[in-house]
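What follows is a single structure, written as structure tokens, with notes after it.
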Amino acid sequence: MTTTLQQRESASLWEQFCQWITSTNNRLYVGWFGVIMIPTLLTATTCFIIAFIAAPPVDIDGIREPVAGSLLYGNNIISGAVVPSSNAIGLHFYPIWEAASLDEWLYNGGPYQLVIFHFLLGVFCYLGRQWELSFRLGMRPWICVAYSAPVSAATAVFLIYPIGQGSFSDGMPLGISGTFNFMFVFQAEHNILMHPFHMLGVAGVFGGSLFSAMHGSLVTSSLVRETTEIESQNYGYKFGQEEETYNIVAAHGYFGRLIFQYASFNNSRSLHFFLGAWPVIGIWFTAMGVSTMAFNLNGFNFNQSILDSQGRVIGTWVDVLNRAGIGMEVMHERNAHNFPLDLASGEQAPVALTAPAING
């Protein structure tokens, strides 16, 4: 008997690299999307940290009134932010090499564009990496579909809204108080609280929280006892076990009697699909709402107050929203020559600007 030994051809360096990139045996899966994701997210994170700590004031409104956002210029963790790029730049792409100097680039808010462009590209690739890893492992692709909800929301506030408003200075600042300022101004200019898509988003987020708490508490309350009373119930589960760790029949019976029979799921798969779909669809609607309001397709506006037969104002919740919106909009426009046009023009309409007198 003759045995022939053939030496295996060594794989090229490129093939070895491809195998390492796509290997699911690595501690952290890289993937082809990860090749772009890793450097872009590292760049965005590094620039954000440096700008949050030490960036000089930015002329956000383009009127030579710089706004300081970094820690070294008097802010704290709550008030600090990476200030959006200047209104003088508008929607122009503003990399470092487009500025005459580094000082000019910093003054016009160049770090903001650098952070958001690299961040958005990074999270897009993170979404693609989720699909890629699911594909390699033979899983279904719903993880990346769920992740598309926060990705679409981030894209709406950082990219779509500035495009619709005509300037990256209208983008959301990268900070805690900057986020709240963005929300106030958004309400003042677009009446987002009266937009149906925002209402669906609120239902998605709060409803998702409620359903998550209900599901977790039901499962925890119907665990199959595998331990003694002096041991933690967590020891009753072994990773990879085939047996159910909780009694879905008991949970179904409890919840069906607590509310009514058909309010409870009797199928674990449909239950978990519902838990995933509800908040995702809600946040999708919010992202669509912000994207449409970016082009000034705003929420419902009830600008005229309700009047009685003698012309006196009947105060409603709408009047409260209108008064708050007008106040926030005026405070937002810091320079007189850029007074909000919807406040400076138009026919006079009776609006409840004073609190009703209470006689008692």
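Quick reminder: no glycine exception, Cβ is built from N, Cα and C everywhere.
The stretch that Swiss-Prot tags with transmembrane segment, taken from the ranges 29-46, 245-262, is 29-46. Set side by side, the binding-site residues H198, H215, H332 differ in how many other CB atoms lie within 10 angstroms of their CB, and the most is found at H198. Pairs of Cβ atoms less than 8 Å apart link the transmembrane segment (118-133) most often to 29-46, out of 29-46, 142-156, 197-218, 274-288.
Rounded to a whole value, the Cα-Cα separation of H198 (chlorophyll a PD1 binding site) and H190 (site 'Stabilizes free radical intermediate') is 11 Å. Ranking the binding-site residues D170, H215, H332 by the distance of their Cα atoms from the Cα of H272 (Fe cation binding site) places H215 first. Within its own chain, the transmembrane segment (197-218) has Cβ neighbours under 8 Å at 251, 254-255, 271, 274-275, 278-283, 285-286, 288-289, 292, 299, counting only residues six or more beyond its boundaries.
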